[in-house]
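Asks: Just passing along the structure, written as structure tokens.
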Amino acid sequence: MVLMVEGISKDYREFHLRDVTFSVEKGEHFIILGPSGAGKTVLLEVIAGIIEPDSGRIFLNGEDITDLPPEKRGLAYIPQNYALFPNMSVFDNIAFGLKVRKVPKAEIGRKVRELSEVLGISHLLKRKPKTLSGGEMQRVAIARALAVEPELLLLDEPFANLDVQTRGRLINEMKRWRKELGFTALHVTHSFEEAVSLGDRVGVMLNGRLVQVGPVREVFSRPASEEVAKFLGFENIVEGLAEGRILRANGLVIELPIEASGRIRVGIRPEDIVLSDEPLKSSMRNTFQAEVQADVEELGELGPRTRKAKGRWSGAFSIRYPLFGAGAGA
């Protein structure tokens, strides 16, 4: 493994990290996913050596780097604002770390040209950062970080300052860059899109704790707790008594995909629910007729407005798995 974080805790202003432990494998794109205020950036800055932890250790390729200064850690950190040097050209920004390391001039030129070609910024090398778009600044920051061939690239909300169109395009390009350049990345974000599109594994951070770590598909389909499930979008939590593959809840008999027993709670994703005002033919396991009453938000000329909607509907939903409770199956 490239990075091992063991038991990191830190009280920093209003942020609190609590016993954070995880590892990043070579060539992996590891995502720390959490809401604003969860402590994601503080964790990244502790790993980078900008903030000193209160307890815990950090290892890079088996070496304890906890007490090393940032420049001795073999890491490259890209903050959310990219931190380009405004008085330098794009070429000199990318070359900065190489010049500090006294790399020969010819090698610097070769490296800058190679990276700028892969990242699509060859035409920008003579320009200053103030003339660049957000997407262009991000590419320059990534090139500058990768120029020094770090063991690990630390990315702090790398797409947060970009418009939706640019963000979608650069997320796709990030996949290509990693394939072509072969870097290892630790990436913090609040975006589900980034986690699903880029992550090999994801760690969910809530209130300063890393509460679940695993492959992206596994974490999103099998959250380890109700807290994680709600963060990941399981808005409908139903509690009832399970016996085998049957859950009895609120007068309903619900079929489960696996066996369970005792009192449990299950989560139903909004996208797993289908409504129809006609009799519904569906392969979904659970079909009911019910009356739906809801507030429906419409976007009008003067902004959003809310009206009441009421009617009888046929509905169907599937439950992918029981979520929580002593009787929940594995």
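Using N, Cα and C of the backbone, Cβ positions are placed for all residues, glycine too.
Given the structure is predicted, the values throughout are model-derived calculations rather than measurements.
According to Swiss-Prot, the feature ATP binding site maps to G34, P35, S36, G37, A38, G39, K40, T41, an assignment based on sequence analysis. As annotated by Swiss-Prot, domain 'ABC transporter' applies to 3-232, with the evidence given as sequence analysis.
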Asks: For the recorded ATP site, whose residues are G34, P35, S36, G37, A38, G39, K40, T41, find every other residue on that chain with a C-beta no more than 8 angstroms from the centre of their C-beta atoms, and list them by sequence position.
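Replies: Close Cβ neighbours, site residues excluded: F15, V188, H190, M205.
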Asks: Let's check the environment of T41 (ATP binding site): how many other CB atoms sit within 10 Å of its CB?
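Replies: T41 (ATP binding site): 20 neighbouring Cβ atoms within 10 Å.
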Asks: Starting from each candidate's C-beta and looking 10 angstroms out, tell me which of the binding-site residues P35, G37, G39 has the most other C-beta atoms.
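Replies: The residue with the densest Cβ neighbourhood is G39.
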Asks: Let me know how many other Cβ atoms fall within 10 Å of the Cβ of G34 (ATP binding site).
Replies: 23
Asks: Does DSSP give K40 (ATP binding site) helix, strand or coil?
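Replies: Where K40 (ATP binding site) sits, the three-state DSSP reduction gives helix.
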Asks: Tell me, if you would, which residue among S36, A38, K40 (binding-site residues) has the fewest other CB atoms within 10 Å in the structure shown?
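Replies: Taking S36, A38, K40 as the binding-site residues, the minimal 10 Å Cβ count falls on S36.
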